[in-house]
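Just below is one structure, and these are the notes that go with it.
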Amino acid sequence: MPVEGGSSSGSASAARHPKQKRKAHSLSIRRTNSTEERPGGIQRGDMLDGQDSKLPLSLRSNLLDLFSQIEREFENLYIENLESSHSTSQLSQKLKTTYKASTSKIVSSFKATTGSRALCQLLKEYVGHRDGIWDLSVTRTQPVVLGTASADHSALLWSIETGKCLLRYAGHAGSASGDQTAHIWRYMVQLPAPQPPPDVSAPCDEDQDSSDREEGEVDGEGPCEVPTVRVATATLKSHQGVVIAADWLVGGRQVVTASWDRAANLYEVETSELVHTLTGHDQELTHCCTHPTQRLVVTSSRDTTFRLWDFRDPSIHSVNVFQGHTDTVTSAVFTVGDNVVSGSDDRTVKVWDLKNMRSPIATIRTDSAVNRISVSANQKIIALPHDNRQVRLFDMSGVRLARLPRSNRMGHRRMVCCTAWNEENQSCNLFTCGFDRQAIGWNINIPALLQEK
């Protein structure tokens, strides 16, 4: 019998005799007159006289009062149950019907997903770093290789097709650029012959989790014997804190760096000369990015803002401050067109129009902090790496397209730090990296993904 029924019944009884309510019991009890008759005409006194007990008469009388009232309460509840049994049966039937319909819908959706061609496939795992990978990128010129920067003080170059490590750079004295410098180095790599990709696929919205292996590390002790470079061609020294990001300006003659010293620096590559120091942020910088075709730079910071720096006019270097987030802006990137996309620890991603930056044209709300995002050049698909080990894909209007598969057999096992697109490659066109010490190459079927939108 539900507790609510007993409580309401007891309250009604207590309302008729408010002065006689017994506070020592959870069930409200109504006292009866000592001369109240029992079934069969037996008086309470007769019941007491006919029983052998060592309890005082007054205590026995009180106990009989209590038990008789408890019996009446249960009798009332029993009658109420009989009266409501019909309506309860109808409710149960309705619940069963609704449950069956919902379950059938869920099962049907699973069948449709698993029966269709997989839109997101894990193709290659790049294993070799001995600590978390902070950043990765793909070269913009031939030969096209994957580069990763790690907290193990090294940067690695990888063959995208084979997953083989081609080169290790070990010239930094700290985690990647924790030595407060940025290094420029050159090396000729020879790509190995490509191998057929493994048959590993899964639907994009696979919900299997990998909580048991969250702290697990990838297998392997790093790449075998690979060429190692320890001396930089140029060393950029001007920062007073960790250099957290760097990017090439269009043309390749200048490079911009972002640091925890709250400044971004613009350097000449050939001379390593400091050209400009971009100051104004109130806290450490988290990222910097350059426009693919124009002399524009965007910097993001822990001060919840990102700033747009304009170097198109050599005589005027303008700056605009944008306050669209409520927590650290982890990255802000340009698209090929006139948009800026910003991600934040406030669990949102916002799309901005360069022609009118007063308010975002789209806002994506997620369930986890967003790290270094990337936007595909051709289709403008935003790849979101999350603290919760997930990677999600959205279009520029904020519509979710997919979530990359992750289970105990595939995907990242710890925080995902960065994503990078490479649409020129027909097989691996998206790369991700994280604190699980591995980078992953994915094949995203973009036409099919957009068709299902």
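Placement of Cβ uses the backbone N, Cα and C atoms for every residue, glycine included.
Features of the protein shown, as given by TrEMBL:
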- 1-15: compositional bias 'Low complexity' (COMPBIAS)
- 16-25: compositional bias 'Basic residues' (COMPBIAS)
- 204-222: compositional bias 'Acidic residues' (COMPBIAS)
- 126-168: repeat 'WD' (REPEAT)
- 236-277: repeat 'WD' (REPEAT)
- 278-319: repeat 'WD' (REPEAT)
- 322-362: repeat 'WD' (REPEAT)
Practice item. Provide the three-state DSSP residue tally for the repeat 'WD' (126-168): helix first, then strand, then coil. Key: 0 helix, 21 strand, 22 coil
Point to revise | Structural state census, the repeat 'WD' (322-362) (DSSP three-state) | key: 0 helix, 21 strand, 20 coil
Study note, to complete from the structure: Averaging pLDDT over all residues of the repeat 'WD' (236-277) gives 95
